[in-house]
Amino acid sequence: MSITSDEVNFLVYRYLQESGFSHSAFTFGIESHISQSNINGTLVPPAALISLLQKGLQYVEAEISINEDGTVFDGRPIESLSLIDAVMPDVVHSRQQVIRDKLVQQQKAHISNPITAMNGEENGTHALNNHADMMDMDVDVEIPQNKAMVLRGHESEVFICAWNPVTDLLASGSGDSTARIWNLIENSSSGSTQLVLRHCIREGGQDVPSNKDVTSLDWNSDGTLLATGSYDGFARIWTKDGNLSSTLGQHKGPIFALKWNKKGNSILSAGVDKMTIIWDAHTGEAKQQFPFHSAPALDVDWQNNSTFASCSTDMCIHVCRLGSERPLKTFQGHTNEVNAIKWDPSGMLLASCSDDMTLKIWSMTHDSCVHNLQAHNKEIYTIKWSPTGAGSNNPNASILLASASFDSTVRLWDVERGVCVHTLTKHQEPVYSVAFSPDGKLLASGSFDRCVHVWDTLSGALVNSYRGTGGVFEVCWNSVGDKVGASASDGSVYVLDLRK
């Protein structure tokens, strides 16, 4: 089987996307002219690059292990091949010679002491037990199939999903250059129908599909409008009926984050062009541009209706206000790109997470971080505050911070004490998303191991589990707190009914 350079480029591009390096994927895609290839991305399964490399290594190792007479050596190479070793003829030849020598030694040993042929039993039993542990899934927590709805329609990865804050409409955004609104309102005359929000651009006087990923979406607080951000550089406002209301076009490149303010009169966006912009939601005009980052802006979050924070690959966090010409505050301390930021419900504390494997808590009254939380051993992809404590709908409950990491764990933090209270370890692959239920008593997590887990935030116990058919990019709760939505790399959207 041969593979073209275009196909290699596409596999690398997809690997970067799946690993969460969206800005690197964009840059690589531009430089390698991905958009000009005729590859159908919907036919390429998730993790295809890894699978291809693994298979290639397996084939080479298998070839090394076959003797000249066609028999298979019943042992293992002294050490596994690296990618470089696998394409070096001298290394492959020397490895074959080592195996042949080992085979001769084993044959001699077997003749002199036949009992040694049985000495692999202990190792075999251990491996079997390990496998059993990996496959172990408590039947009591599994969500039955009749409580899980799989929504199909997207033709590529579904990166994001968000419930309408008022009713059971679920929005999703995909690499197929569409967003969709799924009607999951019970007793609705339209059933679980989908509205397709096609992201088009003007070309030659006509609207044509942009063929760019929809990377972000957010409902306004009363659930009447949906904002979407795309790799085509445009933000768009849609009615809940799926009609395009406004197109916002000041960014010069992909938009990575998009947020409504609580009042619903402004939208905040961040992009690869290093810019953050506040838009007038009614007119679609840019109210103010904030050109303070020196590298792509990755996330934004409102502190109140006119003040927000932004973070970037430049390792800085800026707090800015509409009408102010300079940042109100700049927080520095991370040693790698800052992936996500979130204000707590009171608007007093700002949490940030980074590729430097730390979480930091900041206050407008301090120049340096209030807490530097270190426990994860790989990049931290995202964070969420619980909807509890001061400024929330659950003021009598203690506030928690959840962090999701590429180390396959989720951690729950008591921020007041600056300690990790629970480490949630059931996932087997990077965790891309966490979301608290509206009362803060449950936490949903989604991972590239295709699983959605639901945890009790007080005890850290696993309450529910669901294994889908694709890696999970995003999880979210409906407003009532009885359904979890999840978006997946195979184009699926899951709706999990948690009612007993």
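Glycine is no exception: its Cβ is also placed from the backbone N, Cα and C atoms.
What TrEMBL says about this one:
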type: REPEAT; residues: 151-192; note: repeat 'WD'
type: REPEAT; residues: 214-238; note: repeat 'WD'
type: REPEAT; residues: 248-289; note: repeat 'WD'
type: REPEAT; residues: 331-372; note: repeat 'WD'
type: REPEAT; residues: 373-423; note: repeat 'WD'
type: REPEAT; residues: 424-465; note: repeat 'WD'
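The highest tally of CB pairs under 8 A with the repeat 'WD' (248-289), across 214-238, 331-372, 373-423, 424-465, is held by 214-238. For the repeat 'WD' (151-192), the list of distant contacts is 17-18, 41-42, 46, 198-199, 209-219, 221-223, 226, 228, 230, 232, 238, 240, 242, 470, 473-480, 483, 485-495: same-chain residues at least six beyond its ends, Cβ to Cβ under 8 Å. Beyond the repeat 'WD' (214-238), the same-chain residues lying 6 or more positions past its ends with a Cβ under 8 Å from any Cβ of the stretch are 22, 26, 159-160, 162-167, 169, 171-175, 177-179, 181, 197, 199, 201, 244-249, 251-260, 262-264, 267, 269, 271, 279, 281, 284. Break the repeat 'WD' (331-372) down by DSSP state and the numbers are 0 helix, 22 strand, 20 coil.
Secondary structure by DSSP for the repeat 'WD' (424-465): 0 helix, 23 strand, 19 coil.
With DSSP states grouped into helix (H, G, I), strand (E, B) and coil, the repeat 'WD' (151-192) comes out at 0 helix, 19 strand, 23 coil.
For the repeat 'WD' (214-238), the mean pLDDT of the prediction comes to 97.
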